Amino acid sequence: MFPSLQSFAKKVLARQHVSIDHHIILERCGLWWYKAPISLDCKHMLIKLPNFADGLDLNTALMLATKENNYQLIKMFTDWGADINYGLICANTPPVREFCWELGAKYQVDKKKIMHIFFKLIHPSTTSSNIILCLKLFNDNPFSAYVIIREIKSCIHWKLKKLAEDTNVLSNISDGDMLTIYCFIVALQDNLREAISYVYQHFKYLNTWWLTCVLCYNKVFDLHHLYEKEKIRMDMDEMMRIACTKDNNFLTIYYCFILGANINLAMIASIQFYNIDNLFFCIDLGADAFEEAKALAEQRNYFLISHCLSLDIYSPDSSLLTLKEADPNKIYHLLKNYKSKSILAYLNYDVNNTTL
């Protein structure tokens, strides 16, 4: 199907710099999207929009237009050179699928194209804009989410495995929600604030998962936001257990400690997850369940931990017991240069006894 003269004229116009005074012309010509003019960078074939700072390549723009059932833009982007088979990926209603087929799409969705777009958006140096776009394209898109989850399942379970030791918890999550959680974790790890805020705003029904993720990934400021501002609640000791799933999670462990979580349960959880730095941090905070902890370590053949716990050389670090409120700024500054008093005691004991 050949592009219409009208589409060609729009393409030429989209390449021009048009002053704000003439934006009404662009709007009436259909060169308007997300309350902004559609601009085309022909060198890189990118659609430029304020909402997507990185720009959208034509195929991705086509997918988004299809997801939004925007027939005019579907036709225009296809005329400009987008591959209509990408549009079919996001065609979630029979009329839109029919329209894509009329424009030349194959009758089956190409799974390789789904993965191509996903990995183009989600990668180690991704941006907030990319994560938001990924969620727009693939959330509420059951087939695409199914394809992606099956392809990256091992990676997702690696990121989520300690968040949910009970595998039934993961099995009860839909593919779409699991993909959303995965994208959120990527945003958390890279501190992509715009994407994180977008998730908080648009996926409130997953709030318990957001609390779980920020506990696990040691994000004390996000934890404070969710707990104090959003009023998301969970059993205090369960919050502490989740905070103990990754080693060196001192910020979120301390936050839960100030809220009143049982530090002895945190001591036990740290052994369960074999997180030795967390264990010594709990001892610094006053944990004293040494007999129970030692028995668990021996049961699991954690001989180093068992040996550490058999020594009567530890005492709480009084400098850590000064805060009375769960203020993330104060917690951050208190622990910024934290060195474990208990680890130092163990190392000194070990050196002295080795010398002897």
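Sequential numbering from 1, following the chain as shown.
Glycine is treated like the rest: Cβ placed from N, Cα and C.
According to Swiss-Prot, the protein has these features:
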type     : residues : note
REPEAT   : 57-89    : repeat 'ANK'
CARBOHYD : Asn172   : N-linked glycosylation site
TRANSMEM : 249-271  : transmembrane segment
CARBOHYD : Asn352   : N-linked glycosylation site
CARBOHYD : Asn353   : N-linked glycosylation site
| note | Averaging the pLDDT values of the repeat 'ANK' (57-89) gives 93
| How does the repeat 'ANK' (57-89) divide up by DSSP, counting helix, then strand, then coil residues? | 25 helix, 1 strand, 7 coil
| field | Helix, strand or coil at Asn172 (N-linked glycosylation site) [DSSP, three-state] | value | coil
| said: DSSP secondary structure for Asn353 (N-linked glycosylation site), reduced to helix/strand/coil, please. | reply: helix
